[in-house]
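S.K.: One structure coming up, written as structure tokens, with questions to follow.
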Amino acid sequence: MDFLDRFSIPPHDDPMLYASIVAIGLVSIAIVFGVTYFKKWGYLWNNWLTTVDHKRIGIMYIISALLMLFRGGADAVMMRLQTAVPDNSFLDAQHYNEVFTTHGVVMIFFMAMAFIIGMMNFVVPLQIGARDVAFPRLNALSFWLYFAGAMLFNVSFVVGGSPDAGWTNYYPLAGTEFSEHVGVNYYNWALQISGIGTLMTGINFIATIMKMRAPGMKLMKMPMFTWSALITNLIIVFAFPVLTIALLMGTLDRQFFTNFFTTGDGGMDMMWANLFWVWGHPEVYILVLPAFGIYSQIIATFSQRNLYGYKSMVASMVIISLLSFMVWVHHFFTMGQGAVANSIFSITTMAIAVPTGIKIFNWLLTMWRGKIRFTTPMMYSVAFIPLFTIGGVTGVMLAMASADYQYHNTMFLVAHFHNVIIPGVVFAMIAGLIYYWPKMFGFMLNERIGKWAFWNIVIGFCLSFFPMYITGLNGQARRMYTYSEASGFGPLSMVSFFGALLLAVGFVIIVYNVYYSFRYAPRNVGDDPWNARSLEWATHNPVPEYNFAITPNVDSEEAFWDYKKNGHDLFKGEIKDIHMPNNSGWSIILAGFFFVFGFFFVFHVWVGVIIAFLGIIGCLIYRSFEKDDGHHIHKEEIEETENKFGGAK
Amino acid sequence: MKELFPLKQVNGYIFSLLLTVVALSVYFFDMSFAMGLTILIVTAFIQAGVQLVVFMHAGESEDKGGIYLHTIYGVAVAILTILGSLLAMIWGYMI
């Protein structure tokens, strides 16, 4: 029994924990039973689990991201419920620590990252007129590694206990001395595994965008989302290795008794904070740049004008990418490095507001004198501009190092970063999802229900986070599981809780909208339901496997618009056989071995680690000798598909 | 015959051997720590440049502008990260 004891959860008598164990078990059984009952295993395996199609991988990323959104969202509501009234005892301190840690990790790594990578997967090859990404098999592996990491992290909740040192996981708190149980091991391995997947995505997409653009599409003729994806992946390739190494050093510290981040024996505990933010600040821009790209597409489409200041948009993103590597110390101004260092990083931080401001003005000037259509994606984009600006302005407040001594570690900071991430990233991803929904599934989401969700989410967002600015300035510290009545934080925290509920209602309405539209929405939306401008709308809805029957010839920033209005001849040539990559179960099997490897490593079960490692090596050897020449889709087959859509494109 | 002889690569090979010898001299001659480290860092960077240009053919394709730009970007980010870390972890406490 000693062996099994290590898998138990550190004792805290919480019926909710057991309830969730039962819930996870029941849901898993229900899924397995459902798939078996409807005889869908073959379909699932052949069409989704083994796919290398960038569109399906993108959709799987987005589905996982939405699942994680609800997982992290449930954590958020629990936290707001706990702090809604003074001296609440809904969660105890330990449980609260685990909940806010999980919320942060899940939302950043497994929700936001997955959402943007899913969007890039779906949209980028279509926007550049490619058949798939440069390395389709690697792309599938990226997704499954991410998924393995996400599942490993979620297992922590019921086996062994969740990490509880915050999503920033600072040492020495995260070291073995203060965090004895396996939670932080889970953090290290889950992020390590999904981080490898992200790094592969970065390389894959740089190669795709640099090498696989349609003939005639110069770099400066790429749609803005593809530009943002290129810059984002460049940042990924430079930033993620730092996280990989920092996590490895943390693992060595915790599991092999080294002294990188310990306080004694020559260790340097603040080195973790340094390395974490060397990765962590570029990460912020990894998240927000694709969001900017999506807003650029949506705002241009629904203002019915070309994007204002294309070149300055590109230039500002390049400058942001460089500056993003020069500001990380502003996350720990109060660590004690003195006024000179703080001043330097304070100035670089404020400098980022300049290129970002350029982008804001470009969006405003795109809308200026445009014929604006207030569809749901456009409403999210319009709401984004003022809300994100408020987040940006409070960011500049926090960037002042001396003033930061007042704000740091308070709810003011929490309000600030939610204020940039929610309107910046989450709104963009929802807007993008609604915008590209017809491209993915061939029908549109209901606009009326969508607008209900929009108002719930926007009002809910304002109600939950604006009060935190006030309580934060009044001195409410973040990550405190309760507070006294005399502090006076009670009423505003209650408002915040209601805001969180409204947000939750908004997301539930989105899910209902998917269900409603799936049942009732008309399927004859045509290929261009939004009257859009860029190349991805030049193919059919939903997109056929090979994307474009004829490779497009591009000679314009807004290829599809010029094709529609100005006689730009997009599809020269004729239909030929198309070469496509084969599906393969290799990626999911390899990622499965990684999951087992990570799981056993967390618990120091070396036999399991060795077996899983041999499995990984075996998969790599198999791949080295595998012959996979792909397959051809024949001309007749393509013509048949195209005729079904009403003519070749 | 002249076109077939890889003069550039042979010269590069000799040059990189020379750089190795210079780096080795740090071990054989008695010099200050700062001096030795300076020699090592300078020769290391030149060595990396020689490898990149001569043996990895960085400047020989159409997209050489992009390749050099990305390399410079990468080196700049690496140097900024190292200098910033030193500033935050050591120098910041001294000034």
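Each Cβ is built from the backbone N, Cα and C atoms, and glycine gets one as well.
Curation plays no part in TrEMBL annotations; they are all automatic predictions.
Sharing the features that TrEMBL gives for it:
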- A:16-38: transmembrane segment (TRANSMEM)
- A:39-555: domain 'Cytochrome oxidase subunit I profile' (DOMAIN)
- A:59-79: transmembrane segment (TRANSMEM)
- A:99-126: transmembrane segment (TRANSMEM)
- A:138-159: transmembrane segment (TRANSMEM)
- A:189-209: transmembrane segment (TRANSMEM)
- A:230-252: transmembrane segment (TRANSMEM)
- A:314-333: transmembrane segment (TRANSMEM)
- A:339-365: transmembrane segment (TRANSMEM)
- A:377-400: transmembrane segment (TRANSMEM)
- A:490-515: transmembrane segment (TRANSMEM)
- A:585-603: transmembrane segment (TRANSMEM)
- A:609-625: transmembrane segment (TRANSMEM)
S.K.: Using a Cβ cut-off of under 8 Å, list the residues of the same chain at least 6 residues beyond the transmembrane segment (A:59-79) that approach it.
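M.R.: Apart from its flanks, the transmembrane segment (A:59-79) reaches 48, 90-91, 96, 99-100, 102-103, 106-107, 110-112, 114-115, 117-119, 121-122, 143, 146-147, 150, 154, 429, 433, 440, 500-501, 503-504, 507.
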S.K.: Taking the transmembrane segment (A:585-603) as reference, which of A:99-126, A:138-159, A:230-252 has the most Cβ pairs under 8 angstroms?
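M.R.: Most contacts with the transmembrane segment (A:585-603): A:138-159.
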S.K.: Could you check whether the transmembrane segment (A:99-126) and the transmembrane segment (A:339-365) come into contact, where contact means at least 3 Cβ pairs under 8 Å with the two residues of each pair 6 or more apart in sequence?
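M.R.: No, since the transmembrane segment (A:99-126) and the transmembrane segment (A:339-365) share fewer than 3 Cβ pairs closer than 8 Å, they do not count as touching.
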S.K.: Which bits of the chain, at least 6 residues beyond where the transmembrane segment (A:490-515) starts or stops, bring a Cβ under 8 A of a Cβ in it?
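M.R.: Non-local partners: 69-70, 73, 76-77, 80-81, 83-86, 430, 445-446, 449-450, 452-457, 459-465, 467-468, 470-471, 483.
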S.K.: Which value does the mean pLDDT take for the domain 'Cytochrome oxidase subunit I profile' (A:39-555) in this predicted structure?
M.R.: 94
